[in-house]
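Have a look at the structure below before the remarks.
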Amino acid sequence: DVVGLLGAVAFWPLTVYFPVEMYIVQRGVPRGSTRWVCLQMLSAACLVVSVAAAAGSIADVIGELKEYRPFSG
């Protein structure tokens, strides 16, 4: 569950945001163009998915912590 949380938190910035922003800068995509808007919408959609995955992982961690009993063989 903790690894899922780390993956959800790291997914958007490393896999979506930075590559999209680098593409926009390198290709010189003008702000407000159709391509720029589509790339920003893709980034926003992936952010929503990442936040939802993080929320689900947090709920799983909390649920598991309620049932966890340390040192009980």
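Placement of Cβ uses the backbone N, Cα and C atoms for every residue, glycine included.
Over in TrEMBL, the protein carries these features:
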DOMAIN    1-62  domain 'Amino acid transporter transmembrane'
TRANSMEM  6-25  transmembrane segment
TRANSMEM  37-59  transmembrane segment
For the transmembrane segment (6-25), sequence-distant contacts whose Cβ falls under 8 Å of one of its Cβ atoms, 6 or more beyond its ends: 36, 39-40, 42-43, 46-47, 49-50, 53-54, 56-57
DSSP-derived helix, strand and coil totals, residue by residue, for the domain 'Amino acid transporter transmembrane' (1-62): 55 helix, 0 strand, 7 coil
